[in-house]
Amino acid sequence: MKKLVVLSGAGMSQESGLRTFRDMGGLWEEYDVMDVATPEAWERNPELVNRFYNDRRKQLIDAKPNQGHFLLAELEKDFDVHVITQNVDNLHERAGSSKVLHLHGELTKVRSSVDPDLIFELDGWELKLGDKCPKGSQLRPHIVWFGEAVPAMDEAAEIAAQADIFLVIGTSLNVYPAAGLVHYTASSCPIYVIDPERPPISMKGVTFIEEKAGAGMLKLKSLLGQS
Ligand code: OAD
């Protein structure tokens, strides 16, 4: 089976009703990223940061995977599909994708604010300030904030390097190191990009599908010869 590696971003979940970050009406229009997505923000104003992620979690509980997520999961019948996602939602998993690597963390998990390896599933949407891990430290969202290392990056780069086909879907490719993953692919690896707005990729062998995730995945399926 050919290995199909996918780098997904917030646009993948837009049709599920979750807001992207940098589009018109995106989250970073309402919030300053420095106020809610940095370790300094957590130090300075944990109430605001915690409320921001509690709100995201509350919305995720009501959100459902969309056609794009489902079509991608279906491709597992014919391809060895590896999803590398910048998304912190769990919609790929809920649609049935079996190999999902989260580069920027997961909303449904929390972790010790002292030891990044102490990670726990959160029951429900609400993390409260004062909720502590068994070792006594305050729990924080399991999110890779700006300025923090991306622990899954090495594994992601290895997966990208083995791709027979690479798909970029719903990401503006603004945030590194994730945005650089495409450069780990072999020179012979065809690259497909699904996004209504072309993100900046200046490489050869790129096929742009200027559609939303659902319609774009339908087109990709037919391009890959799947009915
Ligand atoms: P962005 O908001 O930067 O980009 C979203 C992309 O999705 C844009 O290229 C849109 O054109 C596209 N898009 C919008 N609607 C779409 C749809 N229905 N179908 C397909 N594409 C659509 O989001 P990301 O690139 O994911 O990190 O952002 C990367 C990181 O920046 C996020 O993981 C987050 C953010 O700050 C952290 O919070 C650590």
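If you go along the chain as it appears here, the first residue is 1 and each next one adds 1.
Keep in mind that glycine also has a Cβ here, set from the backbone N, Cα and C atoms.
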Practice problem: Have a look through Ala37, Ala41, Ala213, Ala215 and flag the one TrEMBL assigns to the NAD(+) site that Gln86, Asn87, Val88, Asp89, Gly170, Thr171, Ser172 belong to. | Solution: Ala213
Self-check item: The one of Val88, Ala213 whose CB sees the fewest other CB atoms within 10 Å, among these binding-site residues
Solution: Val88
Practice problem: Fill in the CA-CA distance, Ser172 (NAD(+) binding site) to Arg56 (substrate binding site), as an integer in Å. | Solution: 20
Self-check item: Greatest inter-residue Cα distance in Å for the NAD(+)-binding set Gln86, Asn87, Val88, Asp89, Gly170, Thr171, Ser172, Ala213
Solution: 17
Exercise. Look up Ala213 (NAD(+) binding site) in the DSSP assignment and reduce it to helix, strand or coil.
Key: helix
Quiz item: Under a threshold of 6 Å between Cβ and any atom of ligand 1, which of the binding-site residues Gln86, Asp89, Thr171, Ala213 are retained?
Solution: Gln86, Thr171, Ala213
